[in-house]
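Asks: This is the structure, below, for whatever I ask next.
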Amino acid sequence: MPGLAAASPAPPEAQEKKPLKPCCACPETKKARDACIIEKGEEHCGHLIEAHKECMRALGFKI
């Protein structure tokens, strides 16, 4: 049937590109932030927490 071709799913390349999840964004700042919080406590890591928030915002996350 000729009408079915138009209803077929997108090519595999388009399906593989999924939106970035917050857990996977900014791994460098996330790792530094988490290590600081574990070692020193959250109250001593404000600069790393803010750096991670800025990175997330730059990627379009609303934090």
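Any Cβ shown, glycine's included, is placed from N, Cα and C.
Relevant sequence annotations retrieved from Swiss-Prot are reproduced here:
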type    : residues : note
MOD_RES : Lys18    : N6-acetyllysine
MOD_RES : Lys30    : N6-acetyllysine
REGION  : 1-20     : region 'Disordered'
MOTIF   : 26-36    : motif 'Cx9C motif 1'
MOTIF   : 45-55    : motif 'Cx9C motif 2'
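How about a rundown of where these features are and what they're close to?
Replies: In three-state terms derived from DSSP, Lys18 (N6-acetyllysine) belongs to neither a helical nor a strand segment and is classed as coil. Note: Lys18 (N6-acetyllysine) has no non-local neighbours, i.e. no same-chain residues 6+ apart with C-beta under 8 A of its own C-beta.
In three-state terms derived from DSSP, Lys30 (N6-acetyllysine) belongs to a helical segment. Neighbour list (Lys30 (N6-acetyllysine), Cβ cut-off 8 Å, at least 6 residues apart, same chain): His52.
Long-range contacts of the motif 'Cx9C motif 1' (26-36) within its own chain (CB-CB distance under 8 A, at least 6 residues past either end) are made by residues 44-45, 48-49, 51-52, 55-56, 59.
Residues of the same chain lying 6 or more positions beyond the ends of the motif 'Cx9C motif 2' (45-55) and with a Cβ under 8 Å from any Cβ of it are 25-26, 29-30, 32-33, 36-37, 63.
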